[in-house]
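Q: One structure coming up, written as structure tokens, with questions to follow.
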């Protein structure tokens, strides 16, 4: 029912001039953007390392031992500087690339709008339920991954793509504000602009809501490379896309993505873990909480960007014929709010109960 409502919103938007002809990325181009995003991060990282080496060595090192000495002195392999610079620089690369792809209509395509306080509150409240789902998926995926490594040792090299393990060793020595900007704000901007803003809308134009959300989420997960981490991003990717579809405002997915990253950074910084207490009751409550949030966000969605919201000049009624006054009945406001409040309260109580039970053990 919820997906159907979002599908109708998308169909209404297709009626406007900007939706008549698909102009966003298709499947192959979307895959190319995902690969390009990873390549851009790598090139930015290599470029920064090269610049630092040239600066430290006062030119190009002539011998291998000189290069090794410079690298050892700089300790780049354990420095957060590489992670932070590559994260922030990728934001500018992503913005420039999307601007070149979309041209002058980049702002209207991405849909940056002023957010309603009600929507900001609803989206902010979804951070903890998402963290519960992602954390549990990561825990289970990590168990399966370790079992797979024991059976297939050739996959051991893939373990080096675990960015969380690298960051966890760097975080204690880095000031908290720098961590928030580099690890929370930077990825939220670049990933939402590329995946939800560009890829997601292009696929939606061509294939509809279900396929667009599914493929965009898969590509978003693939961009995180390390298999357990990639799987853990699936709930986040789906919900971010549903929020974008329900509100038509890219600022809200960016805000939610930022809060999600900030929560993870805070847990790693001050507790040295990113695990949140979970139980079957909490997981079910979290799913219901997120469904209620999307339903409330899609309620009374502004239609300013659709032709359906524009004034329609009607022909004068035929004399003697009474015009039809059809109305569409919708669920009462009170019933909707009561249902949402019940779900939110259920999640809160179940989460507190799970946390207390975990602490007692």
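Cβ atoms here come from the backbone N, Cα and C positions, even for glycine.
The feature region 'Disordered' is assigned by TrEMBL to 1-21. According to TrEMBL, the compositional bias 'Basic residues' annotation covers 1-12. The transmembrane segment annotation in TrEMBL covers 35-57, 80-100, 120-141, 174-195, 207-226, 238-259, 280-301, 333-356. Summarising the annotation, TrEMBL assigns domain 'CAAX prenyl protease 2/Lysostaphin resistance protein A-like' to 177-263.
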Q: Give me the stretch from 80-100, 120-141, 207-226, 238-259, 280-301 with the greatest number of Cβ pairs under 8 Å to the transmembrane segment (174-195).
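A: So the stretch in question is 80-100.
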Q: Cβ under 8 Å to the transmembrane segment (238-259), counting only same-chain residues 6 or more beyond its ends: which ones?
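A: Long-range Cβ neighbours of the transmembrane segment (238-259): 2, 6, 9-10, 13, 110-113, 115, 119-120, 123-124, 126-127, 130, 184-185, 187-189, 191-193, 196-197, 200, 204, 209, 212-213, 216-217, 290, 294, 297-298, 301-302, 305.
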Q: Across the domain 'CAAX prenyl protease 2/Lysostaphin resistance protein A-like' (177-263), what is the average pLDDT of the model, as a whole number?
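A: So the average pLDDT across the domain 'CAAX prenyl protease 2/Lysostaphin resistance protein A-like' (177-263) works out to 93.
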Q: Over the span of the domain 'CAAX prenyl protease 2/Lysostaphin resistance protein A-like' (177-263), count residues by DSSP class, listing helix, strand and coil in order.
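A: Each residue of the domain 'CAAX prenyl protease 2/Lysostaphin resistance protein A-like' (177-263) counted once, the result is 78 helix, 0 strand, 9 coil.
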